[in-house]
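Below is one structure, written out as structure tokens; comments come after it.
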Amino acid sequence: MTDTAATRRGALALFGGLALSGCSSTGVPSTRTRTTAPNVRECDTTVAATDWPSFQRDAANTGRTSVSVPDSGPTATETVADSGVETAPVAVGGTLVGGTSTGVKAVPIGSHGANWTVETDSVVHAAPAFGCGCVVAATTRATHVLDAEDGTERSQFDAGSGDAPPIVRDDVLYVADGPTAYSLRDGTRRWRSDAIEGVVSGVAVAGNRVFVTTASNANGDVVALDVADGGERWRYTDIGAVQTVPAVADTVVYVTEATGTLHAIDAETGERRWTRLVDGSFPPAPTVGSERVYVSGGNATGTHAFTTDGERAWTRDLGKSWTPSVRAADALLVPTANEGVYALDPVSGDTIWRDGREGAESGVAVTDAGVSITNSAGAVVRLAF
């Protein structure tokens, strides 16, 4: 990582980029030129509170987990994957998954979990997602639905996701191309939107809306679509290019503009509630707690906390970070590029501990087993609790 700009891996960190029942049922051979059904007869949509099934953990991209972080910090490190991972990791039921330059890699965390590697039609730039006992991984040209236990391809959809992570809520998959919504239960296409202009940077699903961020040169939009049919409900245009996923909580959409501004937008009406500068360019996606919104400065070194009313709560100079923070049960985890991982008191911003052994460049996954980090070498290292 240079001092003046994010690397390709650092830029991908802005985007992202086992209860294994359901997808294990018998499938049919798939082709890339049409949608093929995964034949998921049963679809277990249960997600354990300690899992990390998608880029910012949930369909709303809040970056919030109920995992407790020990005050003493990590007890050990473990290299979970030694090389080749291009994306933020995701983890469910002891299996950690990441995208690679040729496909998808699954590795066990500790002594349990799946272990397989699958080649896809091209590079997987964005974090995969778990859903219905499957791993969903998207390239620029297609979306692959893989059995989480052994990597067998159960379906392939002809809409991809590029640098935007796929999102799964219940049994529905949302990918950036369009965006498009598919059923993971029977493989049918629910809808495809034609309302989006520019490159889709991210998708979030909350309530009865799908929220989409876009970038087109220096311009961008935040668009709300109806979750049932993909129809446009509102469009927020008073914003520059957005290169991160949106985060949604308590009827507010939080979005970071590439030039360094945090926007809070009413999720129902699309009206601006407030904006705040966060100093640096290319800040990562915001993280939303119950009373605070957190965002790092990207190319700048500050990490900021705001109340949900837009008042600045605190700012800490921790180091450059293109990776979203994580709001754990009792701490805010801030991964930085060169200074390691900080655990902060989420209310005061005071340091609880700092582990300087690993810098994060493509994102993190937090489970009860610890913090899993994709580093600059393409390895995934777990800081064990």
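Every residue gets a Cβ built from N, Cα and C, even glycine.
Record features (TrEMBL):
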{"type": "REGION", "residues": "56-80", "note": "region 'Disordered'"}
{"type": "COMPBIAS", "residues": "62-80", "note": "compositional bias 'Polar residues'"}
{"type": "DOMAIN", "residues": "219-364", "note": "domain 'Pyrrolo-quinoline quinone repeat'"}
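The average pLDDT the prediction assigns to the domain 'Pyrrolo-quinoline quinone repeat' (219-364) is 96. Broken down with DSSP, the domain 'Pyrrolo-quinoline quinone repeat' (219-364) shows 0 helix, 70 strand, 76 coil.
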